[in-house]
Amino acid sequence: MKQELHHTLLGCGFRYTPAKQMPKGILLDTKSRRKGYYVKEYSTKGGVFVIALVLWNDPHIQLPFAYILQQPEQYKGRLLPHINFGFCLCYVTQMEADWNSNDLKSTYQDVDEQIQLTLDNSVASVESGTSNDVELEGEFSAYWQSEEELYLLAKPSRKAQLKAHLVEAELSSGSIRREYVAACSEQSEELVKWLNQRKFDESSLQEVSITTHCISVKPNRLAGVNWPPSCLREVLSWLKLVDYSAHARTVTLLMAKRTKRHILLFDVEGQDELAVYLELNLDVIGKRYFGRNAARKRNINNEAALLGGKFVSANFKRLGVTRADRDTLLSRNQSRPDVGNLSQKRIALIGCGTIGGYLAELLLRSGAGCGENYFHLYDNDSFKPHNFARHSLTAHNFGLAKSIALANSLKEAVHIAQSIKGIDRQFPIQADVLSKYDIVIDATGRPPVSKRLAAVARTLIADIRPVLIHAFNDGNGRASKVLVDDGRCCYGCMMADPAVYRNNIDLRFEGIDLAKEKHISCGSTYTPYDAAVSHITAALAQEAVLNTLEHTLPWNYSEHMLDGSRSKKPRTLKRFSGCNICDE
């Protein structure tokens with residue numbers, strides 16, 4: 001294998017260079033006697049790049065790392081697409097890429113061609129200098145080389161009054177973990193939860209907050225600029241080059257008042273945010289530059305020159321920005337973000353057993369209870385050791401009410417979970433209670449509850465009637481089933497169809513003695529089966545709940561069979577004539 005790869009790379013124009021013969025001062029191992037690298041010169045319109053390939057232990061499934069040993073002088077210190085830290089060439093998205101891992105020759109010939117193509121595209125991007133550079137699309141911030149992290153708990157905008165705090169925590173190893181956190185003033189509760197969940201000390205909030213400025217940047221170019229900036233002067237120079245309006249706003253904000261500590265949050269159009277933390281030396285700037293009369297004409301260039309002075313910025317750090325606002329946290333769980341998320345719905349979950357426990361966690365990650373509207377969990381049972389094998393709760397919750405323990409678990413999961421409540425009693429199936437919710441989920445698996453919910457819901461007018469979702473395991477764990485009752489078909493309609501059910505039993509299970517499989521004792525009934533069925537039922541129920549955000553429901557019944565038989569396709573059931581609930 002090594003000989004085949006060696007000859008393939010030599011055939012592509014690489015030369016094998018022992019580690020000890022590599023240039024000094026590079027970030028590769030140049031001392032090992034056994035190591036070596038494959039080096040090649042690539043010609044582009046901008047000059048010659050010298051690339052060294054670093055091979056991994058298994059070259060079949062890991063593509064080589066491309067290290068830039070040398071690049072044209074005019075590009076040094078400038079932002080080139082796909083080149084990070086000045087030496088790392090990102091020629092492929094390896095984790096998403098696919099290649100024939102059993103054909104080394106073709107794979108490494110493709111690597112050679114891809115390196116050439118990447119370098120050509122990078123040089124062309126610098127020379128064109130456009131603002132909508134496809135080579136930098138969505139990855140401009142990757143070249144920022146941040147020194148510390150800033151987490152945003154709110155969407156950045158010019159109107160948002162963000163305040164930031166530096167928080168610290170001592171790890172068990174004795175080292176200190178620190179980060180900057182920015183939030184709006186009305187997010188004080190979320191901010192405290194963020195600190196607690198991430199094991200930071202709340203006392204950090206007693207310190208004076210850091211003034212945070214959000215500045216929109218619409219650059220006229222991205223590639224080719226000197227990058228990354230290492231001081232405030234270089235930041236201002238960059239802004240002046242690419243967006244003079246953002247440059248003027250930055251200078252104006254910094255000179256507006258006597259504030260030592262600032263965070264500049266740059267919202268670069270079409271890219272992720274960048275941030276800078278800096279401390280201004282107010283004595284150097286001088287009192288005469290603060291609180292200027294608005295009627296007096298400013299000289300932005302003079303003020304920028306002052307701010308860029310050698311002794312003005314006492315501390316400067318590039319911050320990596322990570323958004324942790326509600327929309328960002330929920331974004332990957334939305335196939336269609338335009339329909340919104342469950343934070344806008346009032347939801348009741350009846351039953352916090354196996355299905356309800358898994359479903360509650362899924363709904364949280366779709367936004368339930370993460371806004372002004374509430375997410376209520378109902379169950380009057382407690383969590384016991386024999387529930388553990390099929391439940392999401394842990395041994396910490398033994399003896400506690402399922403609903404309250406589950407609600408606490410959800411609230412501890414993320415800082416935006418602010419409207420979740422566990423209620424340690426049965427759900428009161430009354431019209432006035434049902435009308436308080438948009439969605440009521442029946443995860444009890446009890447037919448009497450399902451029938452009563454369907455009947456009482458029909459005493460409400462359509463405008464205030466909630467959507468009922470029945471999620472249950474059937475056939476003693478052989479099937480996962482979900483029915484959505486939006487007024488067109490109820491639980492009784494489903495059970496009354498003689499083509500599917502007889503005596504409330506699915507015809508597919510008539511030949512099975514279901515009662516014999518159950519373990520029944522006074523006050524306790526259970527059926528042993530794999531928890532996978534409840535996972536599937538919860539997943540189907542989550543899909544059903546998310547479908548209520550759409551203008552029309554794609555289906556109102558879905559199932560999955562786990563006994564090897566064929567599952568019916570999701571479908572729309574209609575009202576059944578003779579249903580003793582709908583026809584009364």
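Any Cβ shown, glycine's included, is placed from N, Cα and C.
Given the structure is predicted, the values throughout are model-derived calculations rather than measurements.
Per Swiss-Prot, the features are as follows:
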- 1-137: region 'E2-like domain' (REGION)
- Cys90: active site, for E2-like domain (ACT_SITE)
- 138-338: region 'Linker domain' (REGION)
- 339-584: region 'Adenylation plus E1-like domain' (REGION)
- Arg390: site 'Adenylated' (SITE)
- Cys522: active site, for E1-like domain (ACT_SITE)
Cβ contacts of Cys90 (active site, for E2-like domain) (under 8 Å, same chain, 6 or more positions away): His82, Ile83, Asn84, Thr118
Local confidence of the prediction over the region 'Adenylation plus E1-like domain' (339-584), expressed as mean pLDDT: 92
Distant-in-sequence Cβ neighbours of Arg390 (site 'Adenylated'), under 8 Å, six or more positions away: Thr354, Ala531, Ser534
The region 'E2-like domain' (1-137): DSSP-derived helix, strand, coil residue counts: 44 helix, 32 strand, 61 coil
Arg390 (site 'Adenylated'): secondary structure state under DSSP, collapsed to three categories: helix
